[in-house]
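Among the features that TrEMBL reports, active site, 4-aspartylphosphate intermediate is placed at ASP494. Feature annotation from TrEMBL assigns ATP binding site to ASP494, LYS495, THR496, GLU597, PHE638, LYS661, ARG696, THR776, GLY777, ASP778, ARG906, LYS912, ASN935, ASP936. The Mg(2+) binding site annotation in TrEMBL covers ASP494, THR496, ASP932, ASP936. What TrEMBL lists as compositional bias 'Basic and acidic residues' is 1218-1231. Positions annotated as compositional bias 'Basic residues' by TrEMBL: 1243-1256. Per TrEMBL, the feature domain 'P-type ATPase C-terminal' maps to 958-1213.
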Amino acid sequence: MSESTFCDPLTMHELLGKPNALSQSLMSVGSLPKSTGTFAAPPTAVAEKMSSIFDRCCCALRRRKKPKETERRLKANDRPYNEQYRYTDNYIKTSKYNMFSFVPKNLFEQFQRLANAYFIFLMILQLIPQISSLTPLTTILPLIAVLAVTAGKDAIDDLCVPWISSVPWETTALPLFFVLACTALKDGWDDLQRHRSDNQVNNRISYVVRDGKLEEEKWMNVKVGDIIRMENDHFVAADLMLLSTSEPHGLCYVETAELDGETNLKARQALPETAEMGDSLEQIGKFRAEVTCESPNNNLNRFEGRMVTAGQTLPIDNEKMLLRGCILRNTRWCYGLVIFAGRDTKLMMNSGKTKFKRTSLDRFLNVLIMGIVLFLLSMCLICSILCGVWEYTTGKEFQGYLKWDDTIVPGPPGEKGFKQIVVIAFLMFFSYVILLNTVVPISLYVSVEIIRFMHSWWINWDEKMYYAKGDVASRARTTTLNEELGQVQYIFSDKTGTLTQNIMTFNKCSINGHSYGDVTDELGNVLEIDERMKPLDFSFNPLYEPKFTFYDENLLKDVKRGNKEVSEFWRLLALCHTVMPDRKNGQLVYQAQSPDEEALTSAARNFGFVFKSRTPRSITIEVNGEEETYELLCILDFNNVRKRMSVILKDSEGHIKLYCKGADTMILARLSTDSSERLHAITNAHLDKFATEGLRTLCLAVKPITDKYWEKWQKRQQDASVALENRQDLLDAIYEEIETDMTLIGATAIEDKLQDGVPETIANLAAANIKIWVLTGDKQETAINIGYSCRLLTENMREVFVVDGEQKAEVEVQLKDIKRRLDRANGSNGRPGAPQVMIASIQTDNGVNGTSVVGANNDQLGDDGEPTEGYALVINGPSLHHALSPALERTFLDIGCACQAVVCCRVTPLQKAMVVDLVKRNKKAVTLSVGDGANDVSMIKTAHIGVGISGQEGMQAVLASDYSIGQFRYLERLLLVHGRWSYFRMSKFLRYFFYKNFAFTLAHFWYAFFCGYSAQTVYDPVFIACYNLFFTSLPVLILGMFDQDVDDAYSMRFPKLYIPGQYNLFFNMRIFIYSVLHGLVSSLVLFFIPYGTMHLGYNYAGLDMNDYSLLAFTVFSSLVVIVTIQIALDTSYWTVFNHICIWGSLIFYFSLTLVYYEALPFSWVNGSQSAANYGVAFRAMASPHYWLSMLLTAVVLLLPVVANRFFWQDTQPSYSDRLRVRQQRPREMPKKGPTTDLPMRPFSRKTTSRRSRRGSLRSGYAFSHQQGFGELITKGKLFPNLGILLPSTGSAPGALGKGASSSHAKKSLSPIREQPPGFIAAAAAALPGIQLATGNLFASTESIESGSLPSVDHIEHF
C-alpha cells in the first residue's frame, strides 16, 4: 500500500518529543491569549492545533479515498475552501518507521535473511519434547553465553543435540531474539536520527498572515493557500508563488544549491498586480485570488498555472515560484502564497524514499543457506533411512539394552513391527536436523555483526580521514555495508560542493602577448606555488581584499608602471559585467549571479581598478585613487548562443568604446583583419596552456566606436527591441554587427577551486577499475571544464562524445552513432566490447622493470605515439530525459559503461536517481553515490552505498547517507583501505568459519555409522558448548577485525589490489565449496585417524583403549589443535591480540580439560553426561596413541596446505604476495615519486601537439544558465533609486558571463583501454586468457565477463 494513500501520521516520536504539547494546549484553551503585538494568536489557534494533531493521528489508521490529482485549485487566505481537497500539509517525513510500524516492518526486513527463518523453524522443533528434551546444563550454558560474551551465541547454537545432550527451545530463541533485537536497535537508532532531523525541520518557525496580522507558525502547520512572510537568508518553507518583495518591481533573489547544486543567485519576479501590495499586512490579509495550476510533480524547471484576481486572469510560470529548499538572498523580505506543501513540494518529490539496503554478501549468504539446508536435509534423510534399516535389522533385537520409548513408539508394548520403526526413523530425522544444524550456526550472523560493528569503528576512529578545518570526522552511519565498500565499481558524484569548493580564484592572465601568473626562479624555471610561498602585498590599495592572493610580481609592477595594455585589461574587467555593489559592515562587497564574474571583478579591484557603484546609465570605478565615471550606453547581454557579453561606454572625454569578453571561439573569430597575427598566436598558446592546467578561460577585446556610427546603430537597435516578430533574432543580428573588428587585449584564467586532493583521488580510483559518473546541475561547459581539472577527463582520451539533442529522435540518432563507432573500435580487438588491458608490473628483484600489455595493438596509440585512455561521454539534462526512456536506456547504458568517464549536466535530482537506478538494475556491480546537498539525497538513497559530504549546503545528504566524510579525497581511503580491508577480512572470516564448522559438525555424521544412527554426539556436551564460545570464536573474530595483506599506504599506492573485490574473487561459490570440502575432508581425517588409532589398541597396562570417552576426547583435541593452527596459517597480519587469542585458546582448552576431568571432585560432575569421561585426560595423555594420532592428523591435514602455499608463493607469487614481500623490506622500496612499479600510469597533462590534433579543450567560463540581467540594469529595475546604491538597500546580483564549449576534433578510433582486473597469479592455469610476466598476473577482461574464476586452491594467495 503506497504511502500516498494515507494521511500524514503524527509519529509517536513527534509526540514523545513534545510530551507536554497536548497538556499545554488543553491548559491554554481556557486562558486569555497573550498580546504579542502583530504576532497575537487568535482564540481559535489552539483548537486548530489540537484538531490538526487529532486528524494526523486518526488519518494514519484510515484509508484516504482522495482521487488522483490532475490539477490543483486553491484560494488565497481561504482555509475552509482548500481543506475540502485535503491537500497535504507541510509536515515531512524522511524516516522509515514510526512507533506502530517499527516492529512489523523491521522484522519483515530482517526475515529477508533466510537464516533467521531457518532458526525459527529450529526453535519450533525444539519445542517438541520427544525430539529435544530439557537438561539443566544446556539451559544454563546458553544463557551465560548470551549474557557474558557476544561469542556465546555460538555456544547456544552448538548445544542443540538431541536426546542424550538435547536442548530446549530457549537455546535457539535467546540468540535469535538477541540478533533480531540488536539489528532492530541499530536500525531504530539510525531512524531516530532521521526523526530528529524531520522534527527540527518541521518545527522551524514561519510567519503566516491571518486577518491582517502575522502569526508565528511551525512549518508543519503551514497549509496550502496560506500566505507567509520570509526574510533574508531564510529557507523557503514550501513551494510558493511570489506575491511581493522588498525590492523594486517585485524582484527577489534565491540560492538554489539545495535543489540543483548551483550557487549562482537566481532572480524571481512577482506579478505587478501583486507586487504593489508591498509590506501592507492589511492588503495581503484581504487578498483574494483563485489559483489553478498543474498537479504536484518533480520538474524543477517548469511550472504552469493561472491566477484569477479582481476579474483578471494572470499567467504564472516558473519565474514566479520560490521552491522549498531555496534560500532567500539579498532581499530583506518577501511574501508568498503556498501552492504545494510537504511531500507535494518539488524538493520532496525529488528526494526518493528510504530503502532497505542489503549487501551482495547478505544476498549470497541467503543462497548459501539454502544450499546448506538442502545438504543438511540430505544428511538427515540418509541418517533417518539408515536408522530405520538398523532398527529393523539389529536394534529391535537389543530391546534389553536399547529399549524403545513407549510414550513415543505407537502400538502395544513389546511390538517390534514396521510401524514402530517408521516412527523412530521419522523422529530421528528431526533429531539429526537439530544435531547437525551447526553447519548454519546463529553464531555466524552474530559474529558477522560484531565484525561489521568493529569495521565501522575503524572508520570512525581513522585520524587520516579527519577534516580539521571543518572539524568533521568520518562517520559510518550504518554497520551493514562495510564489505560492500570493497566492491564498488561505479561512483556517481555530484560536482558543486563535492568535487569543488564553490570558490573561484583569479590565477593567471595573458595581456598583449605576455603571460602572468607563473612564478619563476633566476633561471626561468617555473616554481610550484604552495602554502610556503608568500603572496603579493596589496595593502597599498585601501580597498583591497585580504583574502585575495596572487604571486606573480611582474603583473603588479606593470600596473604600477602604468602599462597601457595592462591598464586597459583591468579597466575592461572593472566595467564589463553586471555585478552589483553592496556594503556590509561598512565594507564594499560584490553580489554577482555567477562566482566567476565576482572573481574577475574582485581581481580588478585588488589591482587598483575598483568597481564602486552603478546606476542604470552610469558606472563608476576608482583607478589608483581617482574616480572615473562612464556613461553606460548599452549592455549587449549574454545568452547561450552568443556566449559573450559586451558593454558600450562613453568616457568623460566623449570617447565611445565597446568592451567585450567571452569564449575564445567567439572573440577570436571577431577580431579585426589587421590585428597582429603574432599576438593572436601567442594568446592562443597561452589559452592552450591555461586549459591544460584546468583553468576556465575567456578572451577580452575592445573596439573604439565613432559618434556617427553609434547614433545609427542605436536607432536600429531600438527598432529591433520593439519589433513584434523575431525580436531576439533581430537583436542578435544587430549585436553581431557591432561586435566585429575588435582588438584583442588578452585572456583570463580563473580556477573553480577543487577540493584538496580531488584529481589524485579520481586518478587513483580510476586505477582501481572504478568508473566515475559526475551528475551535476551545472551547464555543460562548466561540467566539462571541471572534468578536465579533476582528471576525470584527460586530453589523452581518444574522444569525448557529447549528446545534446533536444528531441527524442535527435538523441536516438546521436546515441546510435556513438554506439556504432564504439562497436567498430572494439571490433578491432577481435571481440566486440573487449577492452584492452594494460598492467604495469612491480619492479623485479634484479632491477628489471616490466610492463605487459594483454591484447594491445598499435591502434591504441594516438597520432603522436602517446597511449590513449578510452572515451568519455557528456550528456545534458534534456537529452538525458530521452536517453532514460525505455526505448533508449539500454543503448545509453551500454555507451556509458564502455566509456571511462560519464558527465551528466543540467540534471534534476530525480534524474540523478534514475541514472543510478539504471546502472544498479542492469549491471551486477556495486554502486556508490556521493554528494553534499539536498539535491543529492535521491541518488544517495538509490545507490547500494550512499556517502554524504558535510559541506556548505546543509546536512540533508549526510542524514540520508550510509557514510559521511568531510572531503571528497577521503573517499579514496574509505574505499581502497577500509572497504578493501573489510571485504578481505570478511571473506577470510567466512571461509574459515564455514571450514571450522563443517569440520566440527560432520564428525557427528561419521560417528552415526558407529552409534546405531541414534543421534548420539561424538563430543562431550561441555566441550560442545565451549567450542564456539571459548576455543574458536575469539581467534576468528580477531582475524575478521585486524587481518590485512598489506598496510594502508600500499593499499592506496597500488589501487589494483582493490579489483578482486569487484568480482567477488575472495568469496564466491567456488571458494565456499572449497571451504566445505576442506571441512568435510578434515572431519573425515579428524574422526577416522583417532578411530583407527584407538580401535583394538592397548595402553601400557594392557587395557583396552577402544572406548567412547577416549575417542571423543582425542577427536575433539585434534579438532581444536588443527583449526587453531589453520587460523594461524591463515593470519597475514599478527597483532598482540592474535597471539593472545590463538595461543590462549589452546592453553585454555588443555587447562579446562585438566580442571574439568581431573581437578574437580567427581561428585560435582556425577549425574551429568560428562561423568563417563571423568579421568579421561590423564588416561589419554599418558598414552602415545593420543599424541601420535594428533600428530598424524596434523601432518595429513596441514602439511598439504603449507606445501601448496609455499609452492605457489615461491614459483608464481601473486600481485599481493610480491607487495607483501616488498613491504617487509622497506629499505628496498624506491624513493617517493613517479616510478615504473606504480600500479597506475602517472597522469600527464601536457603537449600542445596533442591538443592541435584533438582540438580546443578550453572552457569553460561559467556564465549563468539563464539570460543575464543587462536589461534589468539598463531599465533601472535593480535599483531602488537612480542614485548610487544605498547601503541599507538589498542589492541584486548581476548576470554574468558566458561559457565556451570545448570542441574536440574527431580522430580515428582505436581500441579502448581500461584498467586491469589484476587477478591472482596462482590461478593462471585455471583461467583462459591469463598470462604471467615477471611473477605477476595479467588477466583479460574476457575471463571476468565469462564468469571464470581462479582456482579455489590459489585464490587466497592474492
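From the backbone N, Cα and C atoms, a Cβ is placed for every residue, glycine too.
Around the residue listed as 'active site, 4-aspartylphosphate intermediate', a 10 Å sphere centred on its CB holds 31 further CB atoms from the protein chains shown.
A 10 Å cutoff on Cβ-Cβ distances gives GLY777 (ATP binding site) a total of 28 other Cβ atoms nearby, all chains included. Neighbour counts were taken at the CB atom with a 10 A radius for the binding-site residues THR496, ASN935; the maximum falls on ASN935. The two recorded residues, ARG696 (ATP binding site) and the residue listed as 'active site, 4-aspartylphosphate intermediate', show a Cα separation of 19 Å. Using a 10 angstroms CA-CA radius around ASP494 (active site, 4-aspartylphosphate intermediate), the binding-site residues that qualify from PHE638, GLY777, ARG906, ASP932, ASN935 are GLY777, ASP932, ASN935. Every protein chain considered, the tally of other Cβ atoms within 10 Å of the Cβ of PHE638 (ATP binding site) stands at 28.
Ranked by how many other Cβ atoms sit within 10 Å of their Cβ, the binding-site residues ASP932, ASP936 place ASP932 at the bottom. Counted over every protein chain shown, other Cβ atoms within 10 Å are most numerous around ARG696 among the binding-site residues ARG696, ARG906. Here ASP932 (Mg(2+) binding site) is compared against the binding-site residues THR496, PHE638, GLY777, ARG906, and the shortest C-alpha distance is to THR496. Regional average pLDDT for the domain 'P-type ATPase C-terminal' (958-1213) in the model is 89.
You'll find the Cα of ARG906 (ATP binding site) roughly 13 Å from the Cα of ASP936 (Mg(2+) binding site). Cα to Cα, ASP936 (Mg(2+) binding site) and PHE638 (ATP binding site) are separated by 29 Å.
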